[in-house]
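Participant: I am attaching a structure below and will ask some questions about it afterwards.
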Amino acid sequence: MGPVKRICCIGAGYVGGPTCSVIAQMCPEIAVTVVDVNEERIRAWNSDQLPIFEPGLQEVVEAQRGINLFFSTDIDKAVREADIIFISVNTPTKTFGLGKGRAADLKYIEACARRIAQVATGYKIVVEKSTVPVRAAESIQRIFNANTKSDLSFQVLSNPEFLAEGTAISDLKNPDRVLIGGDETPEGQRAIETLSSIYVRWVPKTRIITTNTWSSELSKLAANAFLAQRISSINSISALCEVTGADVEEVAHAIGTDQRIGNRFLKASVGFGGSCFQKDVLNLVYLCEALNLPEVARYWQQVIELNEYQRRRFAARIVSCLFNTVTDKKIALLGFAFKKDTGDTRESSSIHISKYLMDEGARLHIYDPKVKKEQIMQDLSHTTASAEDPERGLSLVSIASDPYEACDNAHAIVICTEWDIFKELDYGRIYQAMLKPAFIFDGRRILDSLHGRLQQLGFQVETIGKRISQRIPFTASTISQLDLQAPPLKKMKI
């Protein structure tokens, strides 16, 4: 195979769009085409209003679009012309059937493989970019082998993404590592070298790791599982801190200075969210179940259960402090994205906190600087309150145009996303407009430096992993009584 001239990426989402935009910028001699069946999404990529928010992405797209970066719905043409084809489609957790709630649904991956086999000619390198279970590449290869043509040959590689939303562009331009897995045959190794030749344009060769396909696929799941595990670990300590008088931030700093542990992902909060952590841990659980490793499956399942417990515990704390009822009380919920600097709400803790409060009858006024009203309403349309009475459920939700509007005449403020703007609000003005006693529940520990001033203003401040206010007692026994009907932790059926 000669020099790569054209790259096609199937899937114009959070992975495919940013990844290929950066490849186009770093490899100006290569034509990069991102394709998708969703016409509305492609129109957005070709407009001034990109379908996703990511710091720095707009500038990269505008610099390359129409030059060597193209967005199209003509999948067949892009596949036929490409030397390398990335598959970056969604792999959601199955919602029904075998493996429901844990296994990855690979229907979009399979559809891509069949489409490629149908229309492609010549030699193609097909690259898994989506998060997939171990041995998914083998399934793709089997589809190709079963649909072989005399003028067509493939090599399938695994090249998982390790992006963090909010820093995706910097992660792509300066990655910790690029992982490429392929067959250990001469043909597989040549394909690995071809893909490596793309990344080596801007990534030091020492950061490009090559493995067999299975190691690459498992490494992606394991990396996200380890990160999620760290978050659940520090969140478990935060619960202990709240009933002992310790401060989880001080504990995290103390253990994080140990070089064997490090200080990354030791930030206590209302729990992790996003498209990858929960999905990948559940995928790992299902894999262990399928391979008859029940002890390993239970270990990783506990990471998910602790995350759910943290969310319930925080919601229970809100109810407890508001005199054991939030029915018809206005609560300002600040932040709906799963983290700052993104508009992504997938598996956001804000959704779960909102659900618990809506089930208790609270009236939520939500503000997020990047999440659209339609997305918030869609995410909250599946709550218990909405399912039982759709009109009543969504009538509990209002979307505010600014944080001051959300807080006006509210009983409490709940911070669910760590947007920097929430550190800079005029809390004196907010306090004057709220009902008294006025509460702030800091689910992200972003107001630590303001606690003294907030209390001077008159706020009762409650935060994760630390006891601050003593005017209304809150104890471990209160949590258990008001755990919003939390189900007991059950042994998994293997």
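Cβ atoms are placed via backbone N, Cα and C, with glycine included.
So TrEMBL has the following annotated:
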BINDING   11-16, Asp36, Arg41, 89-93, 130-131, Glu165, 276-279, Arg346  NAD(+) binding site
BINDING   161-165, 220-224, Arg260, 267-273, 338-339, Arg444  substrate binding site
ACT_SITE  Cys276  active site, nucleophile
DOMAIN    332-449  domain 'UDP-glucose/GDP-mannose dehydrogenase C-terminal'
Participant: How big is the Cα-to-Cα gap, in Å, between Asn90 (NAD(+) binding site) and Glu161 (substrate binding site)?
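Facilitator: For Asn90 (NAD(+) binding site) versus Glu161 (substrate binding site), the Cα atoms are 13 Å apart.
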Participant: For the recorded positions Ala164, Leu221, Cys276, which one has the sparsest Cβ surroundings, going by other Cβ atoms within 10 Å?
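Facilitator: With the recorded positions Ala164, Leu221, Cys276, fewest surrounding Cβ atoms within 10 Å: Ala164.
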Participant: Of the binding-site residues Glu161, Asn224, Ala268, Gly271, which one has its Cα closest to the Cα of Gly11 (NAD(+) binding site)?
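Facilitator: Result for Gly11 (NAD(+) binding site): the nearest of the binding-site residues is Glu161.
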Participant: Tell me, in order along the sequence, which binding-site residues from Glu161, Ala164, Asn224, Ala268, Phe338 have their CA within 10 Å of Gln278 (NAD(+) binding site).
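Facilitator: Checking Cα-Cα distances against Gln278 (NAD(+) binding site), the binding-site residues within 10 Å turn out to be Asn224.
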Participant: How many whole Å apart are the CA atoms of Gly271 (substrate binding site) and Asp36 (NAD(+) binding site)?
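Facilitator: Asp36 (NAD(+) binding site) has its Cα 32 Å from the Cα of Gly271 (substrate binding site).
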Participant: Mean pLDDT for the domain 'UDP-glucose/GDP-mannose dehydrogenase C-terminal' (332-449), as a whole number?
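Facilitator: Here the mean pLDDT over the domain 'UDP-glucose/GDP-mannose dehydrogenase C-terminal' (332-449) amounts to 93.
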Participant: Cβ atoms within 10 Å, counted per site: which of Gly11, Gly271 has the most, among these binding-site residues?
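Facilitator: The residue with the most neighbouring Cβ atoms within 10 Å is Gly271.
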Participant: Sort the residues of the domain 'UDP-glucose/GDP-mannose dehydrogenase C-terminal' (332-449) into helix, strand and coil with DSSP and give the three counts.
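Facilitator: Helix (H, G, I), strand (E, B), coil: 50 helix, 19 strand, 49 coil.
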Participant: Out of Ala164, Leu221, Asn224, Cys276, the recorded positions in the record, which is closest to Thr93 (NAD(+) binding site) when you go by Cα distance?
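Facilitator: Considering only the listed recorded positions, the nearest one is Cys276.
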Participant: Which entry in the list of binding-site residues, Tyr14, Asn90, Glu161, has its Cβ near the fewest other Cβ atoms, using 10 Å as the limit?
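Facilitator: Fewest other Cβ atoms within 10 Å, among the binding-site residues Tyr14, Asn90, Glu161, is found for Asn90.
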Participant: Which of the listed binding-site residues (Thr93, Asn224, Gln278) has the least company, meaning the fewest other Cβ atoms within 10 Å of its Cβ?
Facilitator: Thr93
Participant: In whole Å, how far does the CA atom of Glu161 (substrate binding site) lie from that of Tyr14 (NAD(+) binding site)?
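Facilitator: Per the Cα atoms, Glu161 (substrate binding site) and Tyr14 (NAD(+) binding site) stand 11 Å apart.
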Participant: Taking just the CA atoms, what is the gap between Phe338 (substrate binding site) and Glu165 (NAD(+) binding site) in Å?
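Facilitator: Given the Cα positions, Phe338 (substrate binding site) is 10 Å from Glu165 (NAD(+) binding site).
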